[in-house]
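Let me begin by presenting the structure, written as structure tokens, before commenting on it.
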Amino acid sequence: MEEKSKDHWALLNPGEENELEVFGYRTQNLRRAFCLVTSILTCGFLLLVFYWKPQWRVWANCIPCPLQEADTVLLKTTDKFQRYMRKKVVCLYLSTLKFPISKNPEEPLVADRHSVINQAVLKPELKVSNFECNCSLDGKDSNSCHDIYHTFGLGLTSEEQEVRRLVCGPNAIEVGIQPIWKLLVKQVLNPFYVFQAFTLTLWLSQGYIEYSVAIIILSVISIVLSVYDLRQQSVKLHNLVEDHNKVQVTVMVKGKGLQELESRLLVPGDTIILPGKFSLPCDAILIDGSCVVNEGMLTGESIPVTKTPLPHSENTMAWKSHSSEDYRKHVLFCGTEVIQVKPSGQGPVRAVVLQTGYNTAKGDLVRSILYPRPLNFKLYNDAFKFIVFLACLGAVGFLYALGVYMYHGTGTLTEDGLDLWGVVPTADNCFQEVHSFASGKDLPWSPLCAAMASCHSLILLNGTIQGDPLDLKMFEGTAWIMEDCSADYCKFGMLDSNTIIKPGPKASWSPVEAIAILRQFPFSSSLQRMSVVTQLAGEDHFHVYVKGAPEMLAKFCKSETVPKDFPQKLRSYTIQGFRVIALAHKALKIEKLSEVQNLAREKVESELTFLGLLIMENRLKKETKPVLKELSEAHIRMVMITGDNLQTAITVAKNSEMIPRGSQVILVEANEPEDFVPASVTWQLIEDQENGLGRNETYLNIGNSSVPDGTRGSCYHFAMSGKSYQVIFQHFNSLLPKILVNGTIFARMSPAQKSSLVEEFQKLNYYVAMCGDGANDCGALKMAHAGISLSEQEASVASHFTSKMANIECVPQLIREGRAALVSSFGVFKYLTMYGLIQFIGTSLLYWQLQLFGNYQYLMQDVAITLMVCLTMSSTHAYPKLAPYRPAGQLLSPPLLLSVFLNTCFTCIVQVCAFLYVKQQPWYCEVYRYSKCFLDSQSNFSTNVSLERNGTGNATLIPGSILSFESTTLWPITTINCIMVAFIFSKGKPFRKPIFTNYMFSFLLMSALGLTVFILFSDFQAIYHGMQLIPTLTSWRVLILVAVLTQFCVAFFVEDVILQNRKLWLWIKKECGFSSKSQYRNWQKKLAEDSTWPPTHRTDYSGDGENGFINPGYEDPEQIPRAKSELGGQTPEEHFWTRL
């Protein structure tokens, strides 16, 4: 084991998903020579062990040393798998460069004071180890916005580019095509095939030539198919990333102007010029102008995304912290497509290279494909324990021979598109009459109309308006049209890069000829709003239009402009299930166009005038109710997570019957502490309201967690917002499990809160599946046990499953298939276990008399039966109706172990009785003792039957020891037993269709059974000779068949009526006092017995008893400054945010 001394050990990528520990080692020649000699003496076996265990190779050949002196490093993952990787250290020498490098330790190598290069290069040697540098613009202390503009705005010098190019390497995501010979060697050295080679040696030594040849052929086919598959994957991945390395880019070089380069020569800090359409070869920060990109490769959404330049800020705060969660709005990610650029008027659109190669977003994606995180299925762990037991049993036999959805699923509940229902304008601090779009009347000109026409992220691409469907619907409601700026508008002072909005032929009269969108602050899920700066044609001043969540936008409006009945009006629409968006306006007091680009978002989105509400409706999809009903009948709990309004979410949940009729909904509202008032949580019972229409929602359901019997009559559901969830997590952590056990609706949830919620459900031992279709769901999709993406774009890599159906019908289908796959896996495992035990018992009995089964007898069982069974047994389709309970989730569960044990007992009894009873027959003789006499009377059989003795007098088995009445009796019994258990373990309902629907499997079983019975009763000498059997009386053969049929009836009755009887096992668990160890089950029982739960119409404070708790692990990005001030300047721990 490694010792974590300060110099010997370091942590790479701390807090990230790919966090690694690195240990330094130095090769010692004496140890290396000793390992070489040992490898020769063991015929290369030690090298094979070192290949499987690279850490053993390092520990055997090297001694620990400081990382600076290491020639070998050992990398270890920090997850529960703790995988090891060995890497050689390569030193790079800057003295190889063509220009002189200063050896003065005080003089930095590169101008960027935060660069890792300055710390990593050792002086005066001018060398750096390849594991010490990270190819990123950010060092340990990230650059500020001011640093990025002033250090990199004009580009790097040629010398600095060369230094960075040497240290960081090429900007290339290189995936080589693996040579076939290398793939072949890797497959052959797999422990499974090494074990196969060992067993083949054993079979060949026993004379099983035909059987060994069959195994060799199957192994070769398996290896060839694996190599072919791996080769195809290697070629596809190579082709996917190859174009990335061949992009031509224009780079600004300080003192030399613009230069054309291959993208592989880019280094962090380079300033690149963005032309029109352009595929990004690196991650870059936009510093001048704006652009529209297609991020489908990353997010799965083909909706164009607008990127804005990094703000000009003089403070020293790191640029990511300055932009908070919205820093992605300034970053152009590698692999995405720039589809439109908009210069600012101060020159071309520029961006500074942030990361290159495998450090980019695309590089991270490719790396995750090349090195996927291993899955830790409980089935694997249980199977390993069981195989160890069987291995011990095999060792005993060898010695004896010497002296085998919290199911959580989320999905879209409503129709994809939103329909405009109406707008509610305001005037004189009051709401006016609703303008209904269903009336067919044109929307009259007003600031509200201007806001709807301009406050969006739509773009004009090849004459087609593209963008967010909600924005598109809102824009179409105004009947205005979009144009690129032409010469006609230059007279108004509008730039040719501005988007122009003007009234269309069907629009109502407007005094404004056109509106130019000068700057855009894109929508942010954390801020819940977006805004644009515009200029009306013919005017010198500028206007700001903002749209967003009504509750959020009202906070930024002047109080005198917000109607007094705003909360009531908002509630009246949301409670009907409408989607409500607020709009606001502000006239800017600036006159110069150049000042617009330097405006801070905080200044733009303040002191607004409230304009009114935009009401949109959406109906439930026709698939939603049936799917949710099916999940509910299957006792699968569903939870909705949405970014929409809480009341809208409650209405959708009721309309979709996620919340059943007659159930109580308790609103949980929590508030942060203020002044001398501690944090509080209020519980309010929501009365039944009139049902309305719904909209697009994300929901999650949590496995097999029905309400305890004692509370079914008064079923209740908690509903809360993301803000309340945050407060409860931080100040009422002890309440969180109680709420989650019956929490159904979580609205206004940010992406990080979604991930946090999934994690909290998992802590309660729920099995969580998440179904989502947006970029905001990616973190939660990854966190869930099973993530289902409704997007077919490349971003589905964030989820475990991708659905081609754009609705939640995939959720029950996945559950059905998953349950069927689990039952099939357990069935195949039980069959293979029983197959090994059946052969083990038969072989052990024959070994008692130094006998064996014949070559073709093994071939019949292994190839004709077992191989075919394993290939087709799992092909039975899932049962169409979801069962109201899950199949056994543990391989080492009592029913499964008892099934294997009892079937082993049955086959042992039948085989032992047949083995002993055949000896009592009057026609029986010990063939191996009287082989010559017997062969004289059985002239039609092979004379190669003998028993030799070696010099010590011990018997040596040769193929002649196969022919016996015992093997003739036991072979049909063991063969039919194998067929019998394959049928018994292929259980159908409730998780799979009946066995007869698996036509191929049924045909193979019937064929194998017919062939075995035919061989048993045939009197053809050729068959007996080939199968190495002895003819017996017909009555004896009938007795054998009756015995196995009796065993089948008993085994089938025990398996189907007793072991698969769920009611019986529930009764046994109840009588024996067994209870579930799941946290959520225990909480359900506690809460069912608590007469004070659930609370209604009361307020609790953080200082009240056990609820008073502050969780420092939770930190919301919007609350960082406040949190730091409350903690006296201490930086709170980051908890989940690093995951996103």
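Cβ from N, Cα, C; glycine included.
Per TrEMBL, the feature domain 'Cation-transporting P-type ATPase N-terminal' maps to 154-198. The average pLDDT the prediction assigns to the domain 'Cation-transporting P-type ATPase N-terminal' (154-198) is 81.
Per TrEMBL, domain 'P-type ATPase A' is recorded for 246-369.
Summarising the annotation, TrEMBL assigns region 'Disordered' to 1112-1140.
The transmembrane segment annotation in TrEMBL covers 30-52 (among others). Non-local neighbours of the transmembrane segment (30-52) in the same chain are 60-63, 189, 191, 194; each lies 6+ residues outside the stretch with a CB under 8 Å from one of its CB atoms.
Sequence annotations record features per position, and here TrEMBL assigns transmembrane segment to 211-230 (among others). Here the transmembrane segment (211-230) has Cβ contacts under 8 Å with residues 178, 180, 183-184, 187-188, 193, 196, 199-200, 203-204, 855, 858-859, 862-863, 867 of the same chain, all six or more residues outside its ends.
The transmembrane segment annotation in TrEMBL covers 383-407 (among others).
As annotated by TrEMBL, transmembrane segment applies to 828-850 (among others).
As annotated by TrEMBL, transmembrane segment applies to 856-875 (among others). Long-range neighbours of the transmembrane segment (856-875) within the same chain, counting only residues 6 or more positions beyond its ends whose Cβ lies under 8 Å from a Cβ of the stretch, are 208, 210-211, 214, 218, 821, 824-825, 827-828, 831-832, 835, 839, 967, 971, 974-975, 978-979, 982, 985-986, 998, 1000-1001, 1004-1005, 1008, 1011-1012, 1026-1028.
The feature transmembrane segment is assigned by TrEMBL to 896-918 (among others).
Sequence annotations record features per position, and here TrEMBL assigns transmembrane segment to 998-1018 (among others).
Annotated transmembrane segment per TrEMBL: 1038-1059 (among others), in sequence order.
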Secondary structure composition of the domain 'Cation-transporting P-type ATPase N-terminal' (154-198) [DSSP: H/G/I, E/B, coil]: 28 helix, 1 strand, 16 coil
Residue counts (helix, strand, coil, in that order) that DSSP gives for the domain 'P-type ATPase A' (246-369): 32 helix, 46 strand, 46 coil
